[in-house]
Ligand code: 3MF
Ligand code: MG
Ligand code: MG
């Protein structure tokens, strides 16, 4: 066991809204019961391995700023152990119930796939032991099928079937590691599953390849008895110009075409929604409406930047609307709130990681409370129900049930003379209601 990475930092605890302690929870009180459920069980927070423990702080114009000790150790497996020590130290200090990781975040890539798989097995055992010691659980695991140059033209969608085969090797190992650790879900983000130009891309073939790959993963999931859903993470672009998993609606159509709806749901991320030209609330509402809501990556973008900045969330207004969708649809299910978030490049102190996560958790807790109050008062639900009340009549229900022909409706419209009168949508009134809560 190496020296504590976070020095003498003490565990972060709930101290109430009036606390002046910069490292305290003001709203996140994990045992507080909200709408019949403990806050911790509503929110199911997860810290991700990659941004906090694998990213060195580089950007396109400059390299490492963080200088983490495990990034400068000659023995890659010893470094993986030191990294795991720091990660579990952070989980404990935050009292965060879950974590998430990619295969290559946890264990180093070997000279062959067999070596990489062996490395992952060693670290899976280490995780198992650390999880038993601390009670930390795994929200999801995943495989990195986008960083290595072999994947530059895609993993499942690569023009070379050998790359598809290699990706299958990586995913089997990562899925089995996730299963061994009791993971609640398994994620597939298609970072390179897209294209830069159609001049060198056979789009039809690539979609078929992606459909086949996911079907294979679903088959294997059943074979090993993994119960959680597979989650696709929609994102319209970055790194590729056009990604096949563009947004929730596109992913839904894809899942339907390849008959994957029984096994695959979506993992939604705020800035991916924005990059696709949607609001975060839209993507969440649509996923629930289509029955494919899986989980959330709870980080945000920057309104002035056109790329995915993966910042810790702090827009309480936006999050209140998202939690309202979550609560009215019965909660996160097997999903959770994963901070796929990184501290800024200048935030070089270990304690900055604690500030980022604790602030994000607190912001979510506050938004949850706002949304719960709004829902309990039926503040938005009641006006919504009355707006659609006409559809509750027997006559309207018969239309939706398919019992009435177009000709019958047309004759009815002719009989009714002047026709329906429009009513106000009342948007301003509704926005003001939300402002009372958020
Ligand atoms: C990229 C992402 C990804 C995924 C991760 C897990 C590197 O914008 O959001 O983070 O969340 O690969 O699927
Ligand atoms: Mg993400
Ligand atoms: Mg992202």
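The backbone N, Cα and C atoms fix where each Cβ goes, glycine too.
Note: TrEMBL annotation is automatic and uncurated.
Record features, source TrEMBL:
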type     : residues           : note
ACT_SITE : 102                : active site
ACT_SITE : 105                : active site
BINDING  : 233, 269, 297, 340 : Mg(2+) 1 binding site
BINDING  : 269, 272, 308, 310 : Mg(2+) 2 binding site
REGION   : 415-438            : region 'Disordered'
Considering the recorded positions 102, 272, which residue's Cβ sits among the greatest number of other Cβ atoms within 10 Å? 272
Can you tell me which parts of the same chain pack against the region 'Disordered' (415-438), counting only residues 6+ beyond its ends and a CB-CB cutoff under 8 A? 316-317, 320-321, 367, 370-371, 373-374, 379-380, 383
Got a sec? Which of 102, 105, 233, 269, 308, the recorded positions, have CB under 6 Å of any ligand 3 atom? 269, 308
For residue 297 (Mg(2+) 1 binding site), just give me the three-state DSSP call. strand
Which recorded positions from the set 102, 105, 233, 269, 340 come within 10 angstroms of residue 310 (Mg(2+) 2 binding site), judged by C-alpha positions? 269, 340
Tell me which of the recorded positions 102, 105, 272, 308 ends up closest to residue 233 (Mg(2+) 1 binding site) in space, Cα to Cα. 272
Write down the Cα-Cα distance for residue 102 (active site) and residue 297 (Mg(2+) 1 binding site), rounded and given in Å. 14
So which of the recorded positions 105, 297, 310, 340 sit close to ligand 2, that is, with a CB under 6 Å from an atom of it? 297, 340
Which recorded positions from the set 105, 269, 308, 310, 340 come near ligand 1, judged by a Cβ under 6 Å from any of its atoms? 269, 308, 340
